[in-house]
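Annotation source Swiss-Prot lists heme b b562 binding site at His83, His182. The annotation heme b b566 binding site is assigned in Swiss-Prot to His97, His196. Among the features that Swiss-Prot reports, ubiquinone binding site is placed at His201, with the record citing similarity to another entry. Under the heading transmembrane segment, Swiss-Prot lists 33-53, 77-98, 113-133, 178-198, 226-246, 288-308, 320-340, 347-367.
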Amino acid sequence: MKILRKNHPLLKIINHSFIDLPTPSNISSWWNFGSLLGMCLMIQILTGLFLAMHYTSDTTTAFSSVAHICRDVNYGWLIRYLHANGASMFFICLFIHVGRGIYYGSYVLSETWNIGIILFLTTMATAFVGYVLPWGQMSFWGATVITNLLSAIPYIGSTLVEWIWGGFSVDKATLTRFFAFHFILPFIITAFVLVHLLFLHETGSNNPSGLNSNSDKIPFHPYYTIKDLLGILFLLTALMILALFFPDILGDPDNYTPANPLNTPAHIKPEWYFLFAYAILRSIPNKLGGVLALLLSILILMAFPLLNTSKQHGLIFRPITQTIYWILIANLLVLTWIGGQPVEYPFTMIGQIASITYFAIILILXPVSNTIENNIIKL
């Protein structure tokens, strides 16, 4: 078997990626989230496939088809809630994965990092179109509000929105194409994941010390496969607790009301994992400015390799930047909270302060702290 896995054209690719892969001996549990994201993607594709077998992408039957899945299909309720809460677990792992990349300076592997950001954006797009499919109140109004943002683009905005809608409002054509997008995007994500891994295995993994680990590497299997299995066990336990005991805790009660274009919900808001970006969008009074800020809130991650001027790799020995990093995390939590609040004083003001702080930390404070720490090293 040893010879076969090293020489077989297909098996040797798997061997070099998951078995004999030289891995730093000191990577911590923060490195588990890559494999957990792979697990989440597999769960989402499988549960999604079974849901698609019973779902109908028609405005008159979409809502009742989801109810039919929960009531009449064997374990349909479980598949539906695993899929809905699986998306939340996916984003929790995604945020931690990106946060670890920032903390330990993984963004210096720029190709891997940039493909990762494209993956992040594609996952957000997939989650957005997926949220529209149950055709509840929040699905319909969320789709209307977010797609309407494109009308802020000068000259072509209105035409673009109508083109995406497939008519003059969010209707049957919109739902059908959103279902098509939601079905195809996970497979595009899978392709990007392979490219992400390809670039990662070209350079090798980063490690907590930030030092070159070529002199101290161990095979991925069995050391990290067993570690990943433990992580997967924790993830599945958390997902099952969510799906079985608190299936609706992260959802919106408005989505249990069928979509009605004549009745607007009191507070239109996306799923919890988009709230930070939604808060940044709402904090700017100008429509086009808000859309640009929304885009930049994610695309600014691409600037990390360019903004990094530190002589040290990662934040493990950099207390000033560490403090700024944790302020950034706290700031993102504040933005997430604000995104779910109504548009009124004092929430609007807190949102504006938190949005300015978010961009200031990344564009000003972090590069300044890098320079200060570089000068301290010289002392």
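Cβ coordinates come from backbone N, Cα and C, glycine included.
Predicted, not measured: the structure shown is a model, and the values here were computed from it.
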Nearest by Cα to the residue listed as 'ubiquinone binding site', of the binding-site residues His83, His97, His182, is His97
Min neighbour Cβ count (10 Å) across binding-site residues His83, His97, His201 flags His201
Does the structure show the transmembrane segment (33-53) and the transmembrane segment (320-340) touching, where I'm treating 3 or more Cβ pairs under 8 angstroms (sequence separation 6 or more) as a contact?
no
His97 (heme b b566 binding site) sits from His83 (heme b b562 binding site) (Cα to Cα, rounded, in Å) at a distance of 20
Rounded to a whole number of Å, the separation of the Cα atoms of His182 (heme b b562 binding site) and His196 (heme b b566 binding site) comes to 21
Lying 6 or more residues past either end of the transmembrane segment (77-98) yet within Cβ distance under 8 Å of it, the residues of that chain are 30, 33-34, 36-37, 40-41, 43-44, 47-48, 50-51, 66, 69-71, 116, 120, 123, 127, 130, 235, 238-239, 242-244, 247, 250-251, 271-273, 301
Answer key: the stretch among 113-133, 226-246, 347-367 with most Cβ pairs under 8 A to the transmembrane segment (178-198) is 113-133
Cβ neighbour count (10 Å, all chains) around His196 (heme b b566 binding site) is 21
All chains considered, the count of other Cβ atoms within 10 Å of the Cβ of His182 (heme b b562 binding site) is 22
